[in-house]
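Asks: Okay, so TrEMBL annotates it like this:
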TRANSMEM  12-30  transmembrane segment
TRANSMEM  42-66  transmembrane segment
TRANSMEM  87-111  transmembrane segment
TRANSMEM  141-158  transmembrane segment
TRANSMEM  170-187  transmembrane segment
TRANSMEM  207-231  transmembrane segment
TRANSMEM  252-274  transmembrane segment
TRANSMEM  294-321  transmembrane segment
TRANSMEM  342-364  transmembrane segment
TRANSMEM  384-402  transmembrane segment
TRANSMEM  422-444  transmembrane segment
Amino acid sequence: MENRKRSQFSGKLGFVLAAAGSAVGLGNIWRFPYYAAKYGGGAFILVYIILAVTFGYTLMTTEIAIGRKTRLSPIGAYKKLNSRSAFIGVFAVVVAAIITPYYSVIGGWVIKYLAVFATGGMTEAATDTFFSNYISTSAEPIIWMGLFILIGAVILFGGVKGGIERASKILMPVLVLLTVFLAGYSFTLPGALDGFKYLLIPDFSRFSIMGVVAAMGQMFYSMSLGMAIMVTYGSYMKKDENIEKCVGQIEIFDTGIAILAAMMIVPAVFAFSGGDPSALNAGPGLMFITLPKVFASMPMGGAIGAIFFALVLFAALTSVISLMEAIISAVCDQFKLPRKNAVFMVALLCFVVGMAPSLGFGLWDSVQIFGLQILDFMDFASNYILMPLGSCLTCVLVGWIIKPDFVLSELKSSGEFKREKLYIFMLKYIAPVFTIAIMIAYILDTFKIIKL
């Protein structure tokens, strides 16, 4: 594929909304509120923001600049940087290829819950056994997963402008409006004010070094770093758009949605539990067990629950189309396939591979890898090993081997680069250490040696 024929976003808005849509995902909704409540509320949020505008900013800026300068998907892009560094791009594409199938399984769960709440099944969904009974069945979760992948594939058939950009321009504003509405609704619940105080007022007695590590990891995973997406989207970015400003706007979107999600969830759980912070958990348990009970206790809970799961579906879709696009772009570049053939092939592959983590809760529940269920192992391998390792290698490659000037020339080509000194310092000395710290901490957390 020749660079001059490469698809492009129509402008800054399309790029920012697509990249922000990739960053805003399930982690903003089911993990950020838990960490914020656990680690001192406003104290955690403050540290998170500081890390986002320094550490996260450096990594995202680097990946986007690599993509735009080379006009290639990750494998070709890293090979162009250094003939021996193509494996870093392979790492990134493999991460996307591992995450997409199991993310689609969860996306299928979201569609199921949206359908249940939209058809008056809230009472049943709020029971203790509904979620475990549902995911342990074989056929139904796979059908919903297939529907989720199909929706993503239909969007991607439209290409960069007609598919990704158009969908992002619809889904992202609706997602923001729904999040604001639900956060506002949470404020009206009896006892919710205590939850808002617990979330937003800094309490450094609840903050610790583990809070810093948790903020670092949450920020890293939330911003779609190390998974081929930002390099791919950067390759579709127009040359006259200022990367520094775009990254700042993406971070505002991502962090803003995460804080709004916390303002939506934490006060609602507080109102439901009578102010007990231990009722707030993280991950699927929060979204599919705790929150349905919270909705069932609310006035108009069925409608609120349906709106919430619609919001989650939009967040999951904007993330999965970016993950699939990273794989599709690499397939098109490496094998010279027509786009529509690549979309079909990647969607089919994701569906087939996705059966394994889906069946891992039912028919194959006895299959474990290092003591982890199939979905958990895929999450562990991609998120906790390959992503931070790939990002660390990117920092070493750009910071020490080819030198930062390669990226800096691209960053300066569309305007003044105001944070050059901070960028170089973070890239060479801080970001590599942070990425390895994230990898070690989350490996230890997975095997319950520490608790994040």
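Sequential numbering from 1, following the chain as shown.
Backbone N, Cα and C atoms are what each Cβ position is placed from, and that goes for glycine too.
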Asks: Let me spell it out: take the transmembrane segment (342-364), skip the flanking residues so only those 6+ beyond its ends count, and list any with a Cβ under 8 Å from a Cβ in it.
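Replies: Sequence-remote neighbours of the transmembrane segment (342-364) are 97, 100-102, 104-105, 108, 135-138, 141-142, 145-146, 149-150, 152-153, 156-157, 324, 327-328, 331-332, 335, 373-375, 378.
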Asks: Considering only the recorded stretches 87-111, 294-321, 384-402, state which has the highest number of Cβ pairs under 8 Å to the transmembrane segment (170-187).
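Replies: Maximum Cβ contact count belongs to 294-321.
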Asks: With a cut-off of 8 Å between Cβ atoms, can you find at least three pairs linking the transmembrane segment (141-158) to the transmembrane segment (294-321)? Only pairs 6 or more residues apart in sequence count.
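Replies: Taking Cβ pairs at least 6 residues apart, the transmembrane segment (294-321) and the transmembrane segment (141-158) are in contact, with 3 or more under 8 Å.
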Asks: Taking the transmembrane segment (42-66) as reference, which of 87-111, 252-274, 294-321, 384-402, 422-444 has the most Cβ pairs under 8 angstroms?
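Replies: Counting Cβ pairs under 8 Å, the winner is 422-444.
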Asks: Taking the transmembrane segment (252-274) as the reference, which of 12-30, 294-321, 384-402, 422-444 gives the largest number of Cβ pairs under 8 angstroms?
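Replies: Per the Cβ count, the answer is 12-30.
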Asks: Can you work out which residues elsewhere in the same chain, 6+ from the ends of the transmembrane segment (422-444), have a Cβ less than 8 Å from its Cβ atoms?
Replies: 54-55, 57-59, 61-62, 213, 216-217, 220, 226, 380, 383-385, 388-389, 391-392, 395-396, 398-400, 404, 408, 411, 450, 452
Asks: Sort out the residues at least 6 away from either end of the transmembrane segment (294-321), same chain, that have Cβ-Cβ distances under 8 Å to it, and list them.
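Replies: Cβ under 8 Å, 6 or more out: 18, 21-22, 24-26, 28-29, 100, 103-104, 106-107, 110-111, 113-114, 117-118, 120, 122-123, 125-126, 148-149, 151-152, 155-156, 163-164, 167-168, 171-172, 174-175, 178-179, 181-182, 185, 189, 224, 257, 264, 268-269, 271-272, 287.
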